[in-house]
Amino acid sequence: SVGFKAGVKDYKLTYYTPEYETKDTDILAAFRVTPQPGVPPEEAGAAVAAESSTGTWTTVWTDGLTSLDRYKGRCYHIEPVPGEESQFIAYVAYPLDLFEEGSVTNMFTSIVGNVFGFNAVRALRLEDLRIPPAYTKTFQGPPHGIQVERDKLNKYGRPLLGCTIKPKLGLSAKNYGRAVYECLRGGLDFTKDDENVNSQPFMRWRDRFLFCAEAIFKSQSETGEIKGHYLNATAGTCEEMIKRAVFARELGVPIVMHDYLTGGFTANTSLAHYCRDNGLLLHIHRAMHAVIDRQKNHGXHFRVLAKALRMSGGDHIHSGTVVGKLEGEREITLGFVDLLRDDFVEKDRSRGIFFTQDWVSLPGVLPVASGGIHVWHMPALTEIFGDDSVLQFGGGTLGXPWGNXPGAVANRVALEACVQARNEGRDLAREGNEIIREASKWSPELAAACEVWKEIKFEFEPVDTI
């Protein structure tokens, strides 16, 4: 007789272990599972645990050569989703040894690599991950983090201001640099390459880097403040990306940028290491995130992508606005904003946080609010995001009727007015419009901006609900 029982057996016999007590070193995952009709929750949950760890569809004799008990993922808890008959949350624990140290790429390949195409489930969404300190400690994380960035820039006690240069495609390098200079001179801290600006025929990367560096140094000398422009180093190969980052360092600029989802985690982690070694800040754009996170019952929630970025490394990341054209749901957005900035975040299901997350000493990431925001949103943004954030106004700067520099002035005046009002104890949520109106009496630039955008709102139902 053979030494193992051949054939197909139910996953739940091996991978559903409700009595399992999770270890401090386990990586924990919360999946929203929509099973095929007729598949019981325990079997579907166990199937997810199996397919994302040691399992395959049939028993194999080589199982006898290893200790499955030591290496298997376990579905240890199942709970219903309120209001959704056909869905449930499956909690899965993965032993730490299943993952390569310091590789977000490997973590994702294991946890979400194969199982999402799996037949026993109709749809699957990874809602959250608990990353144990034992694993976090194998990552460098953000190149610098929030405090070091403030010290480098000498900017304290307020959110930072940015602006994406528009039109995003089509400007020549010289005109692009001019737009950068105008915004920085007017009072912004940063300007930004759009995520799709890499190195196209109308503007090659080296020319853009040169003219933007000139704009940075000229505006710095005129304003006496430290300025930056997120130079997008994203490229078709890792080698080319690093080459661009090296050139940025040689120019002496403070910050570069990367599209971490389209560029990939391997490239992103390499760039983050380079940035820490060479004193560059790293701005992260999340282009392509909605492909992964927008569907409510399939994909991976953005809070998972945000945690992954904090491990891979970045000093800023776009995180939705709560107001404006890319509206996130407020509590959920604030949940992952805290996961980006804080050292320790308590489990809180009302904010979509499924696990208590202890980041130990990993530096924090500044959330960037960007997309359809303008001066009238400033009080709400200051109130919601607090000091440790970057508020980015693209059209909200360049669309000011008098031009870029006055548009930048308007944003800076509005921000300073909001910060002062808050520090004086006024309620930004209630008195926001009044605060902006008062400030505009002293600033014609702000008054002009207020006039243009007095009625603009982008109002759609949020897609993401708990």
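The backbone N, Cα and C atoms fix where each Cβ goes, and this holds for glycine too.
Binding of substrate is attributed by Swiss-Prot to Asn114, Thr164, Lys168, Arg286, Ser370, and within the candidate set His77, His229, His318 the record adds His318 to that site. Comparing Cα positions, Lys5 (N6,N6,N6-trimethyllysine) lies closest to Glu195 out of the recorded positions Lys166, Lys168, Glu195, Ser370. For the Mg(2+) site, the Cβ centre of Lys192, Asp194, Glu195 serves as reference, and the other residues of the chain with Cβ at most 8 Å from it are Thr164, Ile165, Lys168, Asp193, Asn196, Val197, Tyr230, Asn232, Met257, His285. Close to Lys168 (substrate binding site), meaning Cα to Cα within 10 A, are the following recorded positions out of Asp194, Glu195, His285: Asp194, Glu195. Residue environment of His318 (substrate binding site) contains 23 other Cβ atoms, counted within 10 Å of its Cβ in all protein chains. Looking at His318 (substrate binding site) and His285 (active site, proton acceptor), their Cα atoms lie 6 Å from each other.
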